[in-house]
């Protein structure tokens, strides 16, 4: 459960991401594909090379979903319901992959926002991404 301080930290950190959200989303995906090659199996139709338009496009989708989750941090289950349905029923993404992408997002944010990425912000973002992952996997049951 996100505390009021966590919510404040997440909103402030995501506010710093701003216009770079899509780029950071794409970078996190690239990190995931390189670090965890099995995740590529969900994207057989993508050009997964560095700078690929398809990876950039999906990175923007990831970032937009996270922006939506930040905006609706108190009601993520409703805000992410359609996305949860998509990943559980149509795409059938293994839930472990959300943890892998979350890790890569944290690394990407730490690399780009070193001054803002304090231990408290790191912990808050980690809890937030875990909450998003929980919501996205809630319809697997």
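Just so it is clear, glycine is given a Cβ too, placed from its N, Cα and C backbone atoms.
These figures come from a predicted structure and were not determined experimentally.
Pulled from Swiss-Prot, these are the features on record:
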BINDING   58  O2 binding site
BINDING   87  heme b binding site
DOMAIN    1-141  domain 'Globin'
MOD_RES   3  phosphoserine
MOD_RES   11  N6-succinyllysine
MOD_RES   16  N6-acetyllysine
MOD_RES   16  N6-succinyllysine
MOD_RES   24  phosphotyrosine
MOD_RES   35  phosphoserine
MOD_RES   108  phosphothreonine
MOD_RES   124  phosphoserine
MOD_RES   131  phosphoserine
MOD_RES   134  phosphothreonine
MOD_RES   137  phosphothreonine
MOD_RES   138  phosphoserine
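DSSP classifies residue 3 (phosphoserine) as coil under the three-state reduction.
A Cα-Cα distance of 10 Å separates residue 11 (N6-succinyllysine) from residue 124 (phosphoserine). Checking the modified residues (16, 24, 131, 137) against residue 87 (heme b binding site) with a 10 Å Cα-Cα cut-off leaves 137.
For the pair formed by residue 124 (phosphoserine) and residue 134 (phosphothreonine), distance between Cα atoms is given as 15 Å, rounded to the nearest Å.
Neighbour density around each Cβ, counted as other Cβ atoms within 10 Å, peaks among the modified residues 35, 108, 134, 138 at 108. Of all the recorded positions given, namely 11, 58, 87, the one with the smallest number of surrounding CB atoms inside 10 A is 11. Comparing C-alpha positions, residue 24 (phosphotyrosine) sits nearest to 108 among the modified residues 3, 108, 138. Among the recorded positions listed here, namely 3, 16, 35, 58, 108, 3 has its C-alpha nearest to that of residue 134 (phosphothreonine). Other C-beta atoms found within 10 angstroms of the C-beta of residue 24 (phosphotyrosine) number 22, with every protein chain shown included.
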